[in-house]
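According to TrEMBL, the protein has these features:
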- 20-37: transmembrane segment (TRANSMEM)
- 81-101: transmembrane segment (TRANSMEM)
- 122-143: transmembrane segment (TRANSMEM)
- 149-173: transmembrane segment (TRANSMEM)
- 180-198: transmembrane segment (TRANSMEM)
- 204-226: transmembrane segment (TRANSMEM)
- 266-286: transmembrane segment (TRANSMEM)
- 327-346: transmembrane segment (TRANSMEM)
- 358-377: transmembrane segment (TRANSMEM)
- 397-418: transmembrane segment (TRANSMEM)
- 458-477: transmembrane segment (TRANSMEM)
- 484-503: transmembrane segment (TRANSMEM)
Amino acid sequence: MESKEEKTKKKKFKSPNSYVVIFSAIVLVAILTWFIPGGAYKLNEAGQAISGTYEPTQANQQGLWNILMAPIIGMVGNESVSAAITISLNVMLFGSFLEMMDETEAVKKSLKKIAFKFKDNIYILITVLTFMMGIFGTVQGAYEEGFVYVLMFLPIMLNLGLDTITTLMIVIFGTQMGCAASIVNPFSTGIASGILGISPGDGILIRAVIFIILLSLTSLLICMYAKKVKSDPKNSVQYYRLEKDKEEFTGENVSENNELTKEQNWVFRIFILTFIIMIISLVPWVSLNENFTIFQDIANWINTNPISKIIIGNNVVPLGDWYFNEINVLLIVMTLISGTVMGYSIDKSINILVRGAGALVSTAFIVPLARGIQVIMTDGNITATILHYAETTLGSFSPIVFILLAFLVYLIMASFIPSSTGLAAATISIMGPLGLFAGVSQVTMIILYNFALGIVKAIMPTSIIVMTCTQAVHVDYATWVKVALKYILILAAVSAIILLILVNI
């Protein structure tokens, strides 16, 4: 007679890994290009689709060669799809940075001390971390970097008697429900508002209330799951590899005797400083307040001062305008500085850097593979056709019916284009005016668009944060869906109720 654990192991073994899931999605989309007619909208100077300009085009069915090339193009990019290589490099360099932190044991000891302090207040800690992730999502659209927070929080959760799923829920649900609210997220609310010609400040109080509702509900759902696992670890779908997870991610058990050396204290400060700089650098300060130009002024001074531009350079990017290239430089610098503080030789530091990058190659390869789905859709000319079907179908409905159907359309579109900027550019200039005809405000349409993105990016295989986070902590995608789906349905239902309330105010 097989034990429950043995049956679970066999079940896990049969689950397809992340690569198989995403590649299957690429094949599915390629098949759709043989049945969905090609089409295109005329674009304005900003590259945004113009409502009412759809025209059928010659179908461009995607075959085996296109399927095999899609991840490659996803990595290097082409004229219509941005390259994923900087994101993949970012994943690997985060691996280098975290490997250095692991080598020094500075972060490991600090996290164990945090876990010990919260051993009697687990649910408060979960709520704080979830709201923190939500703030990152609602302010700067936290997404690709999610796996870093998973690896950071996982030792704490395991030491507190919880599991990898709890950690995934905190990071994925937290960041993406923050994105679903997007109070000031410039990459979704900001771009969509600009396309529709309204201020990003329009509806900000409504979005703030939505943020509190969604994050409070998310925290409650996670705490309910955590309570079940805490009461009996066998309730975890990952129980079969609990000991392996503890061995890999935590080391020895939590104790009060985790004092840091002087060097480790400095390294932990570097660790905290790195994330502070990263967060500050990704928030577009001028977009939020056009008078807040201090970072631009500093960068301009460095770039124009005769001495600093020779020593530092004349192409310094101001904080607030950073993206993956600049973050990658930050990670390399902080990794090497940490090694120097610990007294490591340059050879040892470089070896740690390379070893850490290598450890996350499998996670880094997820990104271009997921981008391959967008490549197939774009090259197959079916994105505009799907949007046109929605445009011609929704126009005659009442506000209540329209908002629910539009929500469904956006959930479908976001599944294929899980990019806030890409989805906004492709759809919002069409769906926004369509909403006005149905009696739905532009503010509500932007909220709807954000809801769909947040929900889809918390569960679909096209989501980078889902696939990289699950891959990093050895959770099968099928396992994640099994656990997360019921919570996502609750959050989607609450989102739909909020939309219905908004169209009836």
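Using the three backbone atoms N, Cα and C, a Cβ is placed for every residue, glycine included.
Remember, it's a predicted structure, so these values are computed and weren't measured experimentally.
Between the transmembrane segment (20-37) and the transmembrane segment (458-477) there are 3 or more Cβ pairs closer than 8 Å, counting only residues 6 or more apart in sequence, so the two stretches are in contact. By the Cβ criterion (distance under 8 Å, sequence gap of 6 or more), the transmembrane segment (327-346) is counted as touching the transmembrane segment (81-101), at least 3 such pairs being found. Same-chain neighbours of the transmembrane segment (122-143): 149, 153, 156, 160-162, 166, 170-171, 173-188, 207, 211, 214-215, 218-219, 222-223, 226-227, 230, 279, 282-283, 420, 454, 457, 464-465, counting only residues six or more beyond its ends whose CB sits under 8 Å from a CB of the stretch. Between the transmembrane segment (204-226) and the transmembrane segment (358-377) there are fewer than 3 Cβ pairs closer than 8 Å, counting only pairs 6 or more residues apart in sequence, which means the two stretches are not in contact. Counted over residue pairs separated by six or more positions, the transmembrane segment (458-477) shares at least 3 Cβ pairs under 8 angstroms with the transmembrane segment (149-173), which defines the two as touching. Sequence-distant neighbours of the transmembrane segment (484-503) (same chain, 6+ residues past either end, Cβ-Cβ under 8 Å): 168-169, 172-173, 177, 180, 206, 210, 213-214, 217-218, 221, 225, 399-400, 403-404, 407, 411, 439-441, 444, 447-448, 451, 455, 458-459.
Annotation: stretch 358-377 has the most Cβ pairs under 8 Å to the transmembrane segment (81-101), among 180-198, 358-377, 397-418.
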